[in-house]
Amino acid sequence: MTATLERNASVSLWEQFCGFITSTENRLYIGWFGVLMFPLLLTATTLFIIAFVAAPPVDIDGIREPVAGSLFYGNNIISGAVIPSSAAIGMHFYPIWEAASLDEWLYNGGPYQFVVMHFLLGVACYMGREWELSFRLGMRPWIAVAYSAPVAAATAVFLIYPIGQGSFSDGMPLGISGTFNFMLVFQAEHNILMHPFHMMGVAGVFGGSLFSAMHGSLVTSSLIRETTENESANAGYKFGQEEETYNIVAAHGYFGRLIFQYASFNNSRSLHFFLALWPVVGIWFTALGLSTMAFNLNGLNFNQSVVDSQGRVISTWADIINRANLGMEVMHERNAHNFPLDLASGEVMPVALTAPSINA
């Protein structure tokens, strides 16, 4: 009997680390993008929670009138927010070491920049990690491509818009009511509801919701029953089974008769491509619209566009919207300036459509 002895090939610590990072056998895939993603998102989340709970007021407008956003200073979950960096900081990079003290850094809204920068890099790495895992598993890369839509939207409101407006103080606050305030001010200053790219985003989000509900309900309604009436139809499905789980012919026939024949997909691949494409393209265009409005290429303006033969303005719905925009604009940053730019420059603009009659 002959025994063969073979020395095990030694694997360096670095090779073991690389194998662990890139292994698809882990319960949670890490990947090289994950090496950056996990610490970035954990750091952003940690400081967001601390700032949301305990950050002192921030001089957002740069006029020595701090605005409180944390729970410790009287806010609740709805009204609380991480307040954007001060207008006195502008677009300057403002890490902790650039401030004279921690108190100054907090007063000027340093945590906002900290959270936003780490968050944007973190979600970008998450997108890269999606691609990396798809690559390791031999899948196509469209999951990461779809995720690029919300990444683009977040980048637009947290980075591109402040760059275009010249200050991080114009970025979206990190809170519920702060988000709504950002939306109202954005409408007032850029007329976003009249921008075609925003309209495409609305069609993408609401259309995507409609198509998702239609698809899910059609599939659920055309499941191939493998069980008796006394047990759930779900019990007839086995993970990884070769047989189809629903009858696409039945779903196609139902929907084709409900609307018309060519409104229904007869190809599962083209159907799911459409379901992915519609909302993604819509949100891409919304992000693109936000990025153009950041540099004041605003929504369509039809104010005072209808006049009579004497040149007098005939008010339209566009003029009603314009009046609402002016009202929203004069309410925000009320102490930073006496009048909004639309009222402080140019010719006098009437804010009432018709003058009230006195003693009539």
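Keep in mind that glycine also has a Cβ here, set from the backbone N, Cα and C atoms.
Looking up the ranges 102-117, 118-133, 246-261 in Swiss-Prot, the one annotated as transmembrane segment turns out to be 118-133. Proximity of distant same-chain residues to the transmembrane segment (274-288), defined by a Cβ-Cβ separation under 8 Å and at least 6 residues beyond the stretch ends, is recorded for 142, 145-146, 148-150, 152-153, 155-156, 197-198, 200-205, 207-208, 211-212, 215, 265. Packing against the transmembrane segment (197-218) from elsewhere in the chain are residues 251, 254-255, 271, 274-275, 278-283, 285-286, 288-289, 292, 299: each is 6 or more residues past its ends and has a CB under 8 Å from a CB in it.
Highest Cβ count within 10 Å among the binding-site residues HIS118, HIS198, HIS272: HIS198. Comparing Cβ neighbour counts within 10 Å across the recorded positions HIS190, HIS215, the minimum falls on HIS215.
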